[in-house]
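Peer 1: Please see the structure below; I have some questions.
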Amino acid sequence: MKILVASRNPKKLAELSRVLESSGVSGVELVSLTDVPEYEEVPETGASFEDNALIKAREGVKHTGLACVADDSGLAVDALNWMPGVLSARWSGRHGDDAANTALLLAQLSDIPDERRGAAFVSACALVTPEGEEVVVEGRWKGSIARIPAGQNGFGYDPIFVPRGGLRTAAELTPEEKDAVSHRGRALAALLPMLRNLVNLGRTAP
């Protein structure tokens, strides 16, 4: 069966694909927003990651008739009162400019001592079906903000996020290492029972 992943980011699609494969869930064809007829995406106006994930998943079902998985995630920094939060992707003003977002965040934390650079990645994943079923789960990944970027893997703020108890940034981890501990990996793992049930029931889009 086909399941829509409400994203144009191939790394998010690959992440869900790895989680499904490692968990033995088969018979799923994941499609992204680039694989379906284009539709106008609703602005992410929710006050929380959960709100935004549901907004995206509901729109995906509405426009394609496919069961839809959507996530909204971001970085919550202790010293910034848990911002950027839902503004993480456009913290510098332009949506998806990872380099600018990272540079601005590092500048804002330049005078913050190491012991006060705590942060957490947060991911909310929503699954909405054509039958109207909805579920939202959350995953968190605690750590701290490095002073300089390091690593070539991942995306977003990965090069400056050091997981708690680790010495490498998230961008220095292999995809498999990251899947096992990351916020999105944890959220997707929590979503697996619902995805497995959906596949077993063999629900198909109109």
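Any Cβ shown, glycine's included, is placed from N, Cα and C.
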Peer 1: So Swiss-Prot lists S7, R8, N9, P10, K11, K12, F155, G156, Y157, D158, K178, H183, R184 for substrate; which of S73, S92 goes with them?
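Peer 2: Candidate listed by Swiss-Prot for the same site: S73.
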Peer 1: Look at each of the recorded positions, D72, D158, and point out the one with the fewest other Cβ atoms around it within 10 Å.
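Peer 2: Ranked by other Cβ atoms within 10 Å, the recorded positions D72, D158 bottom out at D158.
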Peer 1: Provide, as an integer number of angstrom, the distance between the C-alpha atoms of N9 (substrate binding site) and D72 (active site, proton acceptor).
Peer 2: 12
Peer 1: So if I measure Cβ to Cβ from H183 (substrate binding site) and keep only same-chain residues at least 6 apart in sequence, which ones fall under 8 Å?
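Peer 2: Correct list: S73, A120, F121, V122, S123, G139, R140, W141.
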Peer 1: In whole Å, how far is D72 (active site, proton acceptor) from S7 (substrate binding site) when you measure between their Cα atoms?
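Peer 2: Computed Cα spacing between S7 (substrate binding site) and D72 (active site, proton acceptor) is 10 Å.
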Peer 1: Can you tell which of S7, N9, S73 has the most other C-beta atoms within 10 Å, given these are the binding-site residues?
Peer 2: S73
